[in-house]
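Student: I have a structure I would like to understand better, so I am pasting it below and will then ask my questions one at a time.
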Amino acid sequence: MENVTVVDHPLLKRDLTLLRREETPHGQFRKTVSDAAAILAYEAMRDIELEETSIETPLEQTTGYEIAEEVMVVPIMRAGLGMVDGFVRYVPEARVGHLGMQRDEETYRPVDYYSNIPSTIGHAHVFVVDPMLATGGSASFAIDHLKEEGGQDFTFACLVAAPEGVQKLREEHPDVPVVTAVLDRELDDNAFIRPGLGDAGDRIFGTRES
């Protein structure tokens, strides 16, 4: 699919297997989400801007590189919180915003309940993270909100995407690339991704028994 990167990596495939497995306990699930997010971050940040800098090694002067643009990570709460540590692992200076959203289980439409976004968003490359891209409603709504806050440069990163969600983002935000670990088959009648991995938020935080 255009503007979609499916990251092909053996460790990511291993992690996805753990995440899909119903009997994986929430502690291991939470750690695996973070580990998988770090692999996604490696790929999602491939085109991040660098600038040269002169440094001294123990032996001589040479040229090195520093990140030239501000990096911001905005998780769609609550499940997106599980991906933050993975994304800031390589860029500890990244700013982190928070956007609280939940899905209305009758209309399947997103409802926001919290927003705290750094004021520097207009100068940052913003990585919007959420484990699941299902209908695309929450992702599109979040990006709308962040653009209203002044954001201009975005990447959306998820662990599992449905074709319907990808299509919605392509239609409503064609300027936002999607990076995912896997593109699953479809949404079911309840707007859950199949085969999917269940409710990522519940499984990360252990808030509901299987």
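Even glycines carry a Cβ here, placed using N, Cα and C.
Per Swiss-Prot, the feature 5-phospho-alpha-D-ribose 1-diphosphate binding site maps to R78, R103, D130, P131, M132, L133, A134, T135, G136, G137, S138, D199; the stated evidence is sequence analysis. As annotated by Swiss-Prot, uracil binding site applies to I193, G198, D199, A200.
Let's see these features in context: how buried, what's close, how far.
Tutor: For D130 (5-phospho-alpha-D-ribose 1-diphosphate binding site), the count of additional Cβ atoms within 10 Å of its Cβ stands at 29 [all protein chains shown].
DSSP gives A200 (uracil binding site) a helix state.
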Student: Cβ within 8 Å of the uracil site centroid (I193, G198, D199, A200 excluded): which residues?
Tutor: P131, M132, V160, F192, G196, L197, G201, D202, R203
Student: Among the binding-site residues I193, G198, D199, A200, whose Cα is within 10 A of the Cα of R78 (5-phospho-alpha-D-ribose 1-diphosphate binding site)?
Tutor: A200
Student: Between the Cα atoms of G136 (5-phospho-alpha-D-ribose 1-diphosphate binding site) and I193 (uracil binding site), what distance do you get, rounded to the nearest Å?
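Tutor: One finds 11 Å between the Cα atoms of these residues.
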Student: Need this for a regression test: binding-site residues I193, G198, D199, A200, filtered to those with Cα within 10 Å of A134 (5-phospho-alpha-D-ribose 1-diphosphate binding site). What's left?
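Tutor: If one measures from the Cα of A134 (5-phospho-alpha-D-ribose 1-diphosphate binding site), the binding-site residues that come within 10 Å are I193.
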Student: If you measure M132 (5-phospho-alpha-D-ribose 1-diphosphate binding site) to A200 (uracil binding site) at Cα, how many Å is it?
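Tutor: Roughly 7 Å, rounded to the nearest whole number.
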